[in-house]
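Working notes, beginning with the structure itself.
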């Protein structure tokens, strides 16, 4: 088991601070209204200062997470094998391809090894570039090879520093989005500070460095910033074209770096669809965004050798359906309120039916089943019937795929983020409902329009998009904890925008009959500054303590196992075991695997379920036959799985296998009436007794406190 040991001695680091500025002389499109030289100079100075603060905060965040990573593992002092073991589960698998490309005799040979890979899945040759999103590892390895930095920087540091550098891009994108929405860079400063002080809930990059989301989310944040700018009014044609290019590039990079891209962009497409139905966004820009999503994803599909999972994605089917439905229903946005509501209902039904039909057709043509486990999981998660499906239960029993814990909100409230967010969300939601009702009611209701204009209840397109975006991704985060990082980072943007927004405070003050222009400006600047001072006072000492706390990586059992494998097994040996451990085996030793953690393939899921029979109640002959069918030479058994206590009864891996095999689970508790006792004891326990029925097939060749390695006999 891995532990983090305390180190002696401590050291700190520092952060930066700044002050707000007024944006009253700047239009939403950035044009300067003031004709005076002083006004122009002030605007230039404000934008320059805001940009410097953004870059400084981005770089500061990169240094902060890099320092935490170093302090937590003592990464600079531990051995290479320990560094590689620190890349847990799928992180180790992804990093192994970067290492493979670095160690290849040439770039062409490295690429050939990825396209025709026969070491990731035994007795199969697979195309890694098709199956996995590892183009970032390929690009980074090529960059490392061609740059003259080999003498000064180890490959692992080039890799992790790149990802820590992307955190700077992430924070700057959040900062800019908030700045664009509110009109003042003070809002961006507050968003960045909230992101840093709520680090536990906004990022996990410092301990899961190669994870796909750590590559993708910075580009997603850039895309949101570009969309926010695109949806502003009065853009010049050249500005609009350049912004569309920026949206496309960010969308493409986001799609290229994460296998869950299609599901995130589907939620984004739903946000656009909802706003378009209520006439809250310019129709032409929405169309362009649909097209950009599809073209970006299809370009990734081409680069991934026409990956069928992308072609069969709901996003492609949904966007195509929306574009078709809009052509069919050309008069969607005309008529009175009942007429409009009726048309919207028909439009939604038409899009839904077309999406299902197109998606079903594509999947049947391509014989696509790669993503069926996701829909089984969703069906079981939301109560549409219990399931005994092993893959679905494997997800259901993982905490990361459960509901968002309530203590998340208490942590977010300590920095005032969640409190401010709920306040802003409520106000903006009320404004959105009123604006949507006004849009559906028709332009002939002059009195109603005039009354609304007097109360200044308006919602600009960029704010409307960010509102629906945060609501939908909030629902995703509440239902699936792993996805909270998509929501909490945007929460920082949305809350800071609301506090620094002239429109929000103008609305509040007019409702209580206290509105003046001067009072609005005083409040929109003073409250964010007070919150920044509060955050600095309360959390700066904690950050300093965190940076001064030194630990080190400590996992002697896994280190011993990896060293034994490298020294005592041939390079062509095939290893079976848990997905998580085998990713480390591939990275540290280069040996061939039977299975691995990249679960987006039906054949691999079936293979993994078969390999996991080593933890089920099966006969030694059955287990031996299964392992032999995958060309296994060695099998690794882990006590932490065989005698698992981390999960409750019914969610332990051995329980999931028992249920899937129709066997009664171990321990006290209820069982489904149709489950039967197994004829055989649990394999991982019984094999340790060295009974003849086991020793004729398996010979123990390595053992420590955590792992047991058995070599398979070679029977004719």
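Every residue, even glycine, has its Cβ placed from backbone N, Cα and C.
Since this is a predicted model, take the numbers as computed values, not measurements.
Listed features, source TrEMBL:
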type: COMPBIAS; residues: 1-10; note: compositional bias 'Basic residues'
type: COMPBIAS; residues: 21-30; note: compositional bias 'Basic and acidic residues'
type: REGION; residues: 1-31; note: region 'Disordered'
type: TRANSMEM; residues: 41-66; note: transmembrane segment
type: TRANSMEM; residues: 215-231; note: transmembrane segment
type: TRANSMEM; residues: 243-260; note: transmembrane segment
type: TRANSMEM; residues: 266-284; note: transmembrane segment
type: TRANSMEM; residues: 296-324; note: transmembrane segment
type: TRANSMEM; residues: 344-362; note: transmembrane segment
type: TRANSMEM; residues: 416-437; note: transmembrane segment
type: TRANSMEM; residues: 463-481; note: transmembrane segment
type: TRANSMEM; residues: 493-516; note: transmembrane segment
type: TRANSMEM; residues: 522-540; note: transmembrane segment
Original post:
Looking only at residues six or more beyond either end of the transmembrane segment (416-437), which have a C-beta under 8 A from one in the stretch?
Top reply: 194, 198, 278-280, 337, 409, 452, 457-459, 463-464, 467-468, 470-471, 491-492, 494-499, 504, 507-508, 531, 534-535
Original post:
Can you find at least 3 Cβ pairs under 8 Å between the transmembrane segment (344-362) and the transmembrane segment (296-324), where each pair is 6 or more residues apart in sequence?
Top reply: yes
**OP:** Would you mind listing the long-range same-chain contacts of the transmembrane segment (463-481), meaning Cβ under 8 Å and 6+ residues beyond its ends?
**Re:** 177, 181, 224, 227-228, 231, 267-268, 270-272, 274-275, 280-281, 381-382, 399-405, 425, 428-429, 432, 435, 487-488, 490-491, 493-494, 497, 501, 503
